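Asks: Copying in the features that Swiss-Prot gives for the protein in this structure:
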type	residues	note
DOMAIN	17-362	domain 'tr-type G'
BINDING	26-33, 158-161, 216-218	GTP binding site
MOD_RES	LYS235	N6-acetyllysine
MOD_RES	LYS239	N6-acetyllysine
CROSSLNK	LYS239	SUMO1 cross-link
MOD_RES	TYR265	phosphotyrosine
MOD_RES	LYS272	N6-acetyllysine
CROSSLNK	LYS322	SUMO cross-link
MOD_RES	SER325	phosphoserine
MOD_RES	TYR373	phosphotyrosine
MOD_RES	THR435	phosphothreonine
MOD_RES	LYS439	N6-acetyllysine
MOD_RES	LYS445	N6-acetyllysine
MOD_RES	SER502	phosphoserine
CROSSLNK	LYS529	SUMO cross-link
MOD_RES	LYS572	N6-succinyllysine
MOD_RES	SER595	phosphoserine
Amino acid sequence: MVNFTVDQIRAIMDKKANIRNMSVIAHVDHGKSTLTDSLVCKAGIIASARAGETRFTDTRKDEQERCITIKSTAISLFYELSENDLNFIKQSKDGSGFLINLIDSPGHVDFSSEVTAALRVTDGALVVVDCVSGVCVQTETVLRQAIAERIKPVLMMNKMDRALLELQLEPEELYQTFQRIVENVNVIISTYGEGESGPMGNIMIDPVLGTVGFGSGLHGWAFTLKQFAEMYVAKFAAKGEGQLSAAERAKKVEDMMKKLWGDRYFDPANGKFSKSANSPDGKKLPRTFCQLILDPIFKVFDAIMNFRKEETAKLIEKLDIKLDSEDKDKEGKPLLKAVMRRWLPAGDALLQMITIHLPSPVTAQKYRCELLYEGPPDDEAAMGIKSCDPKGPLMMYISKMVPTSDKGRFYAFGRVFSGVVSTGLKVRIMGPNYTPGKKEDLYLKPIQRTILMMGRYVEPIEDVPCGNIVGLVGVDQFLVKTGTITTFEHAHNMRVMKFSVSPVVRVAVEAKNPADLPKLVEGLKRLAKSDPMVQCIIEESGEHIIAGAGELHLEICLKDLEEDHACIPIKKSDPVVSYRETVSEESNVLCLSKSPNKHNRLYMKARPFPDGLAEDIDKGEVSARQELKARARYLAEKYEWDVAEARKIWCFGPDGTGPNILTDITKGVQYLNEIKDSVVAGFQWATKEGALCEENMRGVRFDVHDVTLHADAIHRGGGQIIPTARRCLYASVLTAQPRLMEPIYLVEIQCPEQVVGGIYGVLNRKRGHVFEESQVAGTPMFVVKAYLPVNESFGFTADLRSNTGGQAFPQCVFDHWQILPGDPFDNSSRPSQVVAETRKRKGLKEGIPALDNFLDKL
């Protein structure tokens, strides 16, 4: 079954220059899993006849049934490059065998957290684009994430069989399509990348360099310009050139590749390349890419699909393709598959592109270290990561948990960045909240076993050196979702992953049979472990809430909960959307609150953030961990804050990182530092449960204007200050025109021209609005982009399909928060209904609490 053993893999793991860690990323249904099959079959794990149909990496039953990838799966492949190909590799290498750790990731936007987890442990990405529908919204999202993590992309144009058989494009049109996709991808790379002067150098993709592949995953064939350049170099070589050395030959092939793309033309009359589109006698010349590459492919397709036997036989002989006896009797599509697969095998083309152009851990960790590691850039751990040193201290990042066949236990899945991880090694397990020098979120435990992940199987392995991807057994009890594993006692954490979506849709769950409650609680804990994104919360009313990224994500989570994690029947509520509370202008009075013993007074005001600041905090451009002066400068330059105020930010909230700020603009208050912690605690409490309906606050800046304190320390303890601070914060919100914010999806809808009207109808009913509409060049498809409130998105897909005759395909991504128009105090408005519903659901008193509860008189 497998052509190579664990021992062989283990031997090659030490050659860190010959390891490639890569993930396959793309828009939903552009053919990632199908393509991965051709790679897997090349490495001899599935029979080549079944490649393209097996979807080996879709390991779960529901993935096979729905034909979508839900969880990212990892697989290790072994590939050997020939002498000639080794000369194309520009980085250091060690022997001709390569170990490729491949992670197939989901394309569905609801699972984009899985993609983030996959990207963290890889250095390169194969971006798959369907050449018929082009670069879509999800392609852009995942590519942006990859570039933010400093991951080098190579491109694969998939589904060429559709372009040839369904759309029947001419060679020149097809070239233009490819050219446009390459341009689109490069625009994304240059927008989010660091430019040529950055640490990675130029990461733009270019067919001439061989970083773009073309082909069809379903039929199992693919090529880069390198394959054709080699054929033509061999064909045009004069008699005396047969003795070229490998290096000279590589040079010739690279020169040839430059002539095969772009505005270069070929004159068939004399076999010369020219740079002008017209020959000397005025004939229009064909483009080299069309004449020398697409033309032979078109001829093969044409001859076989029109059942011209003699012509087919001639072509097969000319292209020197050896068919099996059983393949010779086929005709039509099956024969086409067999011929193309023999002539341009996808596995070879892609694996060569991966080994030649994607970086090894040695290359990549040099420039990725500063993004990965939170600690100082010159301590032992950082040096170990930078040089990918097996003798350095162990540094390993766990990016997700993978459920095992044993109920309730998980493998910790991650990558070793420095040192060696081995069975029985005693390590420090550090969760995301660990800070060096403290004891919380830290465990000292031995690793029970190290294992190798092979898609549906796991293989035990003694030890794994740095640069590799590995699973650990026996760590799952100490980590929730992610964490750092190390042997270096002064190590800082590896940086937490930033998710591009946020969990905004929630359902309440309860056990159908109340006696099953303990099982439900246990199941929720396991669910929180197994999915990087999902949040499980217990409300004060005792309700169990699951929050996810969208309908599909929640559906899968609930199914997992019912069948795998809790194994009990479950009742679920309708999905509800979480809101945020904010203010729309500055407080109209200076708010005063007195402490319960009447000896301390706080004076505060609230005001809204300038546009864009809340988003900056979400992205981490502005954060609590930043250096103080740098942060003050940024706020002063970009948002015109007063520098003195910007330096006196006490904290961010909720949870110390959220998009609300508490600043101290008092002048000369005695004992202020003693109550700082208490005020901050009150602020965290108030921003987590706002005044309107106990939802999180967002985009509010609170200013402490003045504080009068009792001279005796005993009269100004936490019990006096914390509730006072909270009351004062609530008062300042209620006097500053409070508003509700709702989450908004960005919807991208692909559809034929004639049903665009139906889409507008559905969106208008759902309070959505279209902000961009464009035609995909060269196809009759339209792309409509619109904003749609998450609250209205339930059943949107079904509604859309029924109004467009099933021809429109929506993709929803959480995009931003937007203020719900209307005043929550006006009983007829939309926000006041939402507040009433939310308060009722949470079991709070009816109606927004009156201002008198919080505001005191002098």
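Indices start at 1 and increase along the chain as displayed.
Glycine too: its Cβ is placed from the backbone N, Cα and C atoms.
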Asks: In whole Å, how far does the CA atom of LYS439 (N6-acetyllysine) lie from that of MET160 (GTP binding site)?
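Replies: Each residue's Cα considered, LYS439 (N6-acetyllysine) and MET160 (GTP binding site) end up 56 Å apart.
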Asks: Where does the mean pLDDT land for the domain 'tr-type G' (17-362)?
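Replies: Mean pLDDT, the domain 'tr-type G' (17-362): 75.
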Asks: Of ALA26, MET160, SER216, which is closest to LYS322 (SUMO cross-link) if I measure between C-alpha atoms? They're all binding-site residues.
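Replies: Comparing Cα positions, the candidate nearest LYS322 (SUMO cross-link) turns out to be SER216.
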Asks: Other than its own, how many Cβ atoms are within 10 Å of the Cβ belonging to LYS439 (N6-acetyllysine)?
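Replies: There are 8 of them.
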Asks: Would you count the other CB atoms within 10 A of the CB of LYS322 (SUMO cross-link), including those on all shown protein chains?
Replies: 7
Asks: Given the binding-site residues ALA26, ASN158, MET160, SER216, LEU218, find the one whose Cα is closest in space to the Cα of TYR373 (phosphotyrosine).
Replies: ALA26
Asks: What is the total of other Cβ atoms whose distance to the Cβ of ALA26 (GTP binding site) is within 10 Å?
Replies: 28
Asks: Using only C-alpha positions, which one of MET160, LYS235, SER502 is spatially nearest LYS529 (SUMO cross-link)? These are the recorded positions in the record.
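Replies: Looking at Cα distances from LYS529 (SUMO cross-link), the smallest one goes to SER502.
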Asks: Which recorded positions from the set MET160, LYS235, TYR265, SER325, LYS572 come within 10 angstroms of LYS272 (N6-acetyllysine), judged by C-alpha positions?
Replies: TYR265
Asks: May I ask which of the recorded positions ASN158, SER216, TYR265, SER325, THR435 is closest to LYS235 (N6-acetyllysine) if we compare their C-alpha atoms?
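Replies: Minimum Cα distance from LYS235 (N6-acetyllysine) across ASN158, SER216, TYR265, SER325, THR435 lands on TYR265.
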Asks: Looking at the binding-site residues ALA26, ASN158, MET160, LEU218, whose Cα is closest in space to that of TYR265 (phosphotyrosine)?
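Replies: Closest by Cα: MET160.
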Asks: Counting other CB atoms within 10 A of each CB, which of the binding-site residues MET160, LEU218 comes out lowest?
Replies: LEU218
Asks: Since the record lists TYR265, TYR373 as modified residues, which of them has the fewest other Cβ atoms within 10 Å of its Cβ?
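Replies: Among the modified residues TYR265, TYR373, the sparsest Cβ neighbourhood within 10 Å belongs to TYR265.
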Asks: On a simple 10 Å Cβ count over all chains shown, which one of the modified residues SER325, THR435, SER502, SER595 is most densely packed?
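Replies: Selected residue: SER595.
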Asks: Of the recorded positions ASN158, MET160, LYS572, which sits closest to SER325 (phosphoserine) by Cα distance?
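Replies: So, of the listed recorded positions, the one sitting closest to SER325 (phosphoserine) is MET160.
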